[in-house]
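According to Swiss-Prot, the features are:
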ACT_SITE  CYS119  active site
ACT_SITE  HIS252  active site
REGION    253-257  region 'ACP-binding'
ACT_SITE  ASN282  active site
Amino acid sequence: MRRYSRIIGTGSYLPPRRLTNADLVAELGQRGIETSDEWIVERTGIRARHFAAPDVSSSDLALQAARLALQAAGLQATDIDLIIVATSTPDMVFPAAACILQNKLGANGCPAFDLQAVCSGFVYALSVADSMVRAGAANCALVVGAEVFSRILDFNDRTTCVLFGDGAGAVVLQASATPGILCSDLKADGKHVGILCVPGNVSGGQVLGDPVLKMDGQAVFKLAIGVLEQAAHAVLAKAGLKPADVDWLIPHQANIRIMQGTARRLKMGMDKMVVTLDQHGNTSAASIPLALDHAVRMGRVKPGQTLLLQAVGGGFTWGAVLLKL
């Protein structure tokens, strides 16, 4: 009998501190940086974001999302036999945030590791977890995207600091006799390393050089729309499906213009896209599971529907996962 994996529970968490565009405009104004709510909304679609308190780490956010996902799945932490955390902002250089999360959950003993593919991280992690479940290396996986991007933002650069927020999203993936995760497609192209990066070097546990995010927005935009379309068509071809067969498109919540451009290329209406970007900004690896959980809890995304998840991130990395909920 063939073995598959299926999502049986979702969860998400946003830290309490919520900054609207007006709040951020006021804070930046104190630094002599000019921007406006209109400028931010027009260019990004973002209206608010959440920032974690200084003593809150990625694993803390991951813990809250993981508990909700386990609750939704009707499982205990001890039922989990694999933990993968997608993050670019781990608690420390090592050990992995996944190991720290494992201890906080009380799920000690199972394999636990981090996966770093920036904003593509959750799609990568979900694909890896699916492969391990299909291979029999795990029966019940916890896959989390968690980020505290507020720690690596340059608040003197209005083109980047308005984009990102902190948060976490999680899913529980369980072995199944019927297909849940249908297929995935992952890609990377290292020649684009410099267009989205934190260029500092880590030495002795300290970041040397430039420790804040740098982005060539125009280059990212042009590349993102093309590779997202490629990834979507790749997974659809593997499954023998067409865009019209997809009930919901759940993209990385990066920028509304990128999301609209992708929908146009796939000839899918925005009414079939889950959009939560306006309320939490770009939360990197956390954005897709955040959007998925929100849509599930709102009753928009329902069991049996076909979902297309797609992401693009620094590296340059990109990918897509096609699944039935």
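A Cβ is built for glycine as well, from the same backbone N, Cα and C atoms used for every other residue.
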Determine, to the nearest whole angstrom, how far the Cα atom of HIS252 (active site) is from the Cα atom of CYS119 (active site).
7
Give me the CA-CA distance between CYS119 (active site) and ASN282 (active site), in Å, as a whole number.
9
Specify the secondary structure state of HIS252 (active site) as given by DSSP, simplified to three classes.
coil
Measure the Cβ-based neighbour count of HIS252 (active site), defined as the other Cβ atoms within 10 Å of its Cβ.
33
